[in-house]
Amino acid sequence: MEAALLVCQYTIQSLIQLTRDDPGFFNVEILEFPFYPACNVCTADVNATINFDVGGKKHKLNLDFGLLTPHTKAVYQPRGAFGGSENATNLFLLELLGAGELALTMRSKKLPINITTGEEQQVSLESVDVYFQDVFGTMWCHHAEMQNPVYLIPETVPYIKWDNCNSTNITAVVRAQGLDVTLPLSLPTSAQDSNFSVKTEMLGNEIDIECIMEDGEISQVLPGDNKFNITCSGYESHVPSGGILTSTSPVATPIPGTGYAYSLRLTPRPVSRFLGNNSILYVFYSGNGPKASGGDYCIQSNIVFSDEIPASQDMPTNTTDITYVGDNATYSVPMVTSEDANSPNVTVTAFWAWPNNTETDFKCKWTLTSGTPSGCENISGAFASNRTFDITVSGLGTAPKTLIITRTATNATTTTHKVIFSKAPESTTTSPTLNTTGFAAPNTTTGLPSSTHVPTNLTAPASTGPTVSTADVTSPTPAGTTSGASPVTPSPSPRDNGTESKAPDMTSPTSAVTTPTPNATSPTPAVTTPTPNATSPTLGKTSPTSAVTTPTPNATSPTPAVTTPTPNATIPTLGKTSPTSAVTTPTPNATSPTVGETSPQANTTNHTLGGTSSTPVVTSPPKNATSAVTTGQHNITSSSTSSMSLRPSSISETLSPSTSDNSTSHMPLLTSAHPTGGENITQVTPASTSTHHVSTSSPAPRPGTTSQASGPGNSSTSTKPGEVNVTKGTPPKNATSPQAPSGQKTAVPTVTSTGGKANSTTGGKHTTGHGARTSTEPTTDYGGDSTTPRTRYNATTYLPPSTSSKLRPRWTFTSPPVTTAQATVPVPPTSQPRFSNLSMLVLQWASLAVLTLLLLLVMADCAFRRNLSTSHTYTTPPYDDAETYV
């Protein structure tokens, strides 16, 4: 123990002052010891030295408390006492108080050291030294000096008991040296007519603790809480002792025979465990007023010491989330508040949260003069020129890992950092990514130009499935061609799984829409993997691209004669004079093609929000116009029930026993003034008040079928079944995420400086930073919560009627176009799908006939059974539906 004084790396000084009488024990509170957070095996080896003066001679008593385990035990006795009397270990206690605080308690009426005869009156306590060695081997020391020497006079304390004290059935509980009890009492006068004074005494096991009110009394008791401070004998705790007197009776309603009711709460400290569980709390109080003569009253309560572990013993911690790209990540630890450029003694430690081996997991420790510590794996660090300390971690894998970092300066001021490192998943998206300034990086694989519009809140998502690029809409891109996938940096929060991709400004038509689609004669294989999530909507852009399709998982009826392996429904080709027969009808379920299941999909999930898919799927090129409008649908969750319809359906459900999810939406109106041309096509939505309509025949959505992301494992952010989500007015340029309802708080992923592409979150919430913004438009949502159900209409569109959902929609083709206040560019007329319409009508009436026949059979069966039941003779009432007998 003598050598311990030489290895103290950090020392805390304190001055101890004893107040009033000696209660029979000395208590020294020791603050700011480092109990590391997120570490169940972080122990501390604690020793103490008690320095006495015996007739001018120094005497040391060394105590060994062993290893402290703050998560399992709160009270410790010395394992050994060196230089003390035989029973010295029974005279000391070390107790954890919570928040990194300790309390060392020693009996004062018994001597812990051996003395000679005649020295009994000459033993004084001078100081106390506590040595705290943490799991990193750092020695923390606390030196507590007595302001005045405290003489230990051994004596026998007689047993004290107060008579004429009313007993209560309330127990006073002591936790971490703090007593807390609430007692009912009565006073002869009401509030405002009474004063109040109180004192307490705790007796037991040769300990006598007295506490008195600091100001003597409350001169006037007021309605409500009357707070006061109290002072207890012995050591004054850094946590003040006090009490609260509260009137519980109405002002003019005394309790017969007792007076007015009050509630008294007392919280004295420190209360030593040396009292024992057989000790008693005595409360003496008085209340005198001008209208009644008062007197002294006494109530008593038993005291019990709790073995409950106190509130968190861990040091306060700052939490930071870091999402990084690549193989390593760096975190900079700033100087502590009391540190300057000349501080000579700085220590930085780091360990992974919840380690299981104290022999190998606590090797990462750096000082200003030390080099790279041995045994520190996956973590490296160095002091920078500005005194910050940069910690670099590597080889962490894909799962998030938590690193606990502490930094301590010369005066033992310590800050703790909890850093959660999360590696961004590998991206397969073709969308541009963000750099550290928030600008979209250009597409580097296809060489397509990126938009000149600078987004301020866009982040390329992590996607495990194929997507299609929308960086250039001047010419269709074969679906097998993907844009360069760059590392992405979304925070791995469940709120960030909405698909976001870069789309150019497409408010004007492209220059290549008059040329035939290169691959219009045959479906182009998009990818070799089926896309399970084919219900992602497209948002609000109004420019066409060449021969593209929108995923339509909600097929209206199965058709055996599918002429192409395309699993998605085709959009009508505009400007033709004859029906297009490329694909007669979409498959019932877009998640698994029923025809040509082994063939590659010709159109993968369209993840372009505000753009269009670039995969041509039309089987024959149109003559006059080569554009099939797919992106003016304004975030329609599911397609219409006919591949040639240009009018909104009047009925939201069909007879098809489809297992798809979103079967209640409809297509917006297209208008046309061009007789043959198809250039300058703009979709508009008719002005109409939207309401919610949910189909009763559509099954509940299966997991993963309405996701915005194309790969498995991405949480769904698309609209719910039966929902039409249409943007109002002109959509914002380069919108890359679904729209949120008005008033919904928008959570926006942000960009951090980690690796130039980190996206930080804190506590599972999004944080806003550089490159983030919040939409001010009432019907837009840049981000959103993927876990929040969105069942709404948030723009103008034709609504599905609330009539029967078992009828086929009425198809109209010759009605004049309905326009809105928006500027519209006409759309060329289309031919009527007579043969397709006729077959649908036949199927409709056939289905109705089958349903009618089934209904008649059920009615006949019910009548037959009822006739049979009435032919029997009952000796007791039959308990039929008409009457019940009791």
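The backbone N, Cα and C atoms fix where each Cβ goes, and this holds for glycine too.
Remember, predicted model here, so these are calculated numbers, not experimental data.
Now, the feature entries from Swiss-Prot:
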TOPO_DOM  1-839  topological domain 'Virion surface'
CARBOHYD  Asn114  N-linked glycosylation site
CARBOHYD  Asn229  N-linked glycosylation site
CARBOHYD  Asn277  N-linked glycosylation site
REGION    423-810  region 'Disordered'
COMPBIAS  428-437  compositional bias 'Low complexity'
COMPBIAS  442-488  compositional bias 'Polar residues'
CARBOHYD  Asn457  N-linked glycosylation site
COMPBIAS  507-595  compositional bias 'Low complexity'
CARBOHYD  Asn519  N-linked glycosylation site
CARBOHYD  Asn533  N-linked glycosylation site
COMPBIAS  596-637  compositional bias 'Polar residues'
CARBOHYD  Asn606  N-linked glycosylation site
CARBOHYD  Asn635  N-linked glycosylation site
COMPBIAS  638-660  compositional bias 'Low complexity'
CARBOHYD  Asn680  N-linked glycosylation site
COMPBIAS  684-699  compositional bias 'Low complexity'
COMPBIAS  704-720  compositional bias 'Polar residues'
CARBOHYD  Asn725  N-linked glycosylation site
COMPBIAS  733-760  compositional bias 'Polar residues'
CARBOHYD  Asn759  N-linked glycosylation site
COMPBIAS  761-771  compositional bias 'Low complexity'
COMPBIAS  773-806  compositional bias 'Polar residues'
CARBOHYD  Asn837  N-linked glycosylation site
TRANSMEM  840-860  transmembrane segment
TOPO_DOM  861-886  topological domain 'Intravirion'
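Structure coloured by features recorded in Swiss-Prot.
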residue: Asn114; record: N-linked glycosylation site; DSSP (3 states): coil
residue: Asn229; record: N-linked glycosylation site; DSSP (3 states): strand
residue: Asn277; record: N-linked glycosylation site; DSSP (3 states): coil
residue: Asn837; record: N-linked glycosylation site; DSSP (3 states): helix
One finds that other Cβ atoms within 10 Å of the Cβ of Asn229 (N-linked glycosylation site) number exactly 11
Cα-Cα, Asn277 (N-linked glycosylation site) versus Asn114 (N-linked glycosylation site), nearest Å, comes out at 30
Across the topological domain 'Virion surface' (1-839) the predicted model averages a pLDDT of 63
The answer, for which of the glycosylation sites Asn114, Asn277, Asn837 has its Cβ ringed by the most other Cβ atoms inside 10 Å, is Asn837
Spacing of the two Cα atoms, Asn837 (N-linked glycosylation site) and Asn229 (N-linked glycosylation site), in whole angstrom, works out to 88
CA pair Asn114 (N-linked glycosylation site) / Asn229 (N-linked glycosylation site), Å rounded to integer, equals 40
